[in-house]
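Written out below as structure tokens is the structure these notes cover.
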Amino acid sequence: MTETKYIFVTGGVVSSLGKGIISSSIGKLLQARGYNITIQKFDPYINIDPGTLNPYEHGECYVTADGMETDLDLGHYERFTGIQTTKSNSMTTGRIYKSVIDKERRGDYLGKTIQVVPHVTDEIKRNIKLLGQKFHYDFVITEIGGTIGDIESAPYLEAIRQMKWELGKRAINIHLTYIPYLQAAGELKTKPTQHSVKELQSVGIQPDILVLRTDKHIGDDIRKKVAAFCNVDLDCVVQSENLPSIYEVPVNMQNQGLDAAILRKCGEEVKPTPELGPWKAFLERQRKATQEVTIGLVGKYDLQDAYKSIREGLLQAGTYNDHKTIIKFINSENLTEKNIAEKLAGLDGIVICPGFGQRGIEGKIIAAHYTRTNNIPTFGICLGMQMMVIEFARNVLGYTDANSREIDEKTTHNVIDIMEEQKNITNMGGTMRLGAYECAIKQNSRTFNIYNQEFIQERHRHRYEFNNEYEKEYEKNGMMCVGRNPESGLIEIVEIPSLKWYIGTQFHPEYQSTVLKPHPLFLDFIKTAIENKKK
Ligand code: GLN
């Protein structure tokens with residue numbers, strides 16, 4: 001393909017329809033047809049990035065290999081397509097405005113009044129095109145956050161309108177809307193979709209394709225009605241029903257010809273539909289896996305999306321072990337020495353989750369103590385690893401006041417300390433140790449056998465670290481420091497080899513687990529949890 005084509009995915013009626021899943025599925029289907037694709041997300045909020053947002057507001061913060069804190073949809077993009085996203089795959093209104101204002105101060109627009117149109121819209125367009133120009137992708141899929149009709153998405157819609165006008169068939173809009181089912185009337189209702197499309201049309205955008213999200217199957221009569229009222233070809237109206245797994249969505253979209261419709265709209269030749277062999281094999285395995293393995297997530301955010309990538313990593317690993325992973329959330333704030341046995345009863349493995357700040361950390365320490373002393377497979381991730389380290393100091397090394405400097409600045413046994421380079425940092429946004437770093441794994445360790453590799457790259461998001469002054473003491477007592485950054489010497493992995501599975505990582509392996517390339521740590525953790533269950 002000679003020139004990059006642009007697919008804009010917008011959402012209407014309500015939020016949370018799964019634009020990220022649809023964008024990822026489109027990426028997957030075009031890849032299967034041999035196209036080189038990327039997916040990016042533009043979020044209309046003013047924050048520079050979601051790094052400073054509470055997970056309750058925004059769900060998990062996903063970290064790219066090049067160290068950008070981004071929206072969790074980028075996790076879907078990577079898990080579905082195996083692409084590696086970058087800083088340029090995630091944009092916010094805050095960054096757009098910052099760039100415009102920086103240019104204004106530099107004098108780039110000297111003499112001009114800076115306005116939303118054309119300066120902000122031009123900056124949006126420049127950023128939309130950036131990746132395509134740099135890497136010559138065949139398709140750049142751009143997901144616009146929010147819902148059509150929000151005041152804040154107006155500049156993005158104007159940018160899309162202009163690009164569609166400038167590029168003709170090289171730019172198309174796919175609009176994802178909702179068809180509610182009214183129980184009382186016993187009917188599916190198309191009016192909200194009609195209104196949402198009208199809203200788009202009122203700003204000069206005619207959607208090329210409609211994806212109708214629905215809880216009930218939509219018959220041809222409704223599809224015809226939507227097509228006619230919204231000016232969209234009938235074969236360009238597809239439906240996205242509830243499915244047992246998000247990974248079924250690409251196949252469902254392919255069966256309805258979504259990828260073929262996209263190619264037709266873009267003026268590309270439509271070749272025979274590709275097989276999706278390995279993907280379907282994964283789905284087959286997922287459907288067949290009926291035996292269960294139950295994993296407890298010990299964390300403080302009682303919200304599905306807060307630990308999205310960890311959940312997906314565990315589910316994928318379950319499938320590859322021919323089991324269905326059942327995930328139970330355990331609020332660490334409610335854990336006490338007294339109730340811990342009861343709260344963790346029936347769980348085959350425990351993940352101690354990442355996090356920040358004081359709330360709920362004593363519960364995580366209690367959980368780490370219980371699983372260590374009862375030999376329950378345990379995976380500590382980032383703050384979770386730090387809590388394993390603190391627990392060991394308190395109960396094995398005998399430092400009852402051991403803590404992290406994040407929690408107690410004055411502790412005499414700061415087994416987790418602030419990283420040297422973090423000491424003089426005062427700004428909160430984008431200043432953590434972020435992105436992929438190398439880690440060297442000690443041969444003969446449990447972790448080495450899992451990775452089967454000495455040097456690995458994993459992604460990070462933290463300010464505190466294992467205090468290397470205590471390393472010898474830990475090792476003497478059975479907790480081994482088996483992964484280390486070769487340059488800085490920072491300790492990245494600890495394990496207790498005498499236990500079934502007790503491993504903590506300072507990095508976040510969940511960001512790299514994909515459907516077709518599940519992460520070795522999750523695979524092995526789940527495998528051990530299954531063995532633990534059988535015993
Ligand atoms: N709060 C801890 C730190 O900053 C852990 C961060 C995390 O779990 N991502 O080091």
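Numbering starts at 1 and runs along the chain as it is shown here.
Even glycines carry a Cβ here, placed using N, Cα and C.
TrEMBL: automatically predicted annotations, no manual curation.
Because the structure is a prediction, the values reported are computed rather than measured.
What TrEMBL records for the ATP site is S16, L17, G18, K19, G20, I21, L243, and among D66, D71, D73, D302 the residue it adds there is D73. The UTP site recorded in TrEMBL includes S15, K189, T190, K191, P192, T193, Q194, and the single candidate from K125, K129, K134, K225 that the record places there is K225. Residues Y56, G355, L383, G384, M385, Q386, R463 are recorded by TrEMBL as L-glutamine binders, and the candidate that the same record lists for that site, out of E78, E337, E406, is E406. Counted within 10 Å of its Cβ, the other Cβ atoms near K189 (CTP binding site) come to 14, all protein chains included. Of all Cβ atoms in the protein chains displayed, 16 besides its own lie within 10 Å of the Cβ of K225 (CTP binding site). Under the DSSP three-state reduction, T190 (UTP binding site) is assigned to coil, being neither helix nor strand.
Our reading of the CTP binding annotation (S15, D150, I151, E152, K189, T190, K191, P192, T193, Q194, K225) yields a largest Cα to Cα distance of 30 angstrom. Averaged across the domain 'Glutamine amidotransferase' (303-527), pLDDT for the predicted model comes to 96. Taking each Cβ in turn and tallying the other Cβ atoms within 10 Å, the top scorer among the binding-site residues S15, T190 is T190.
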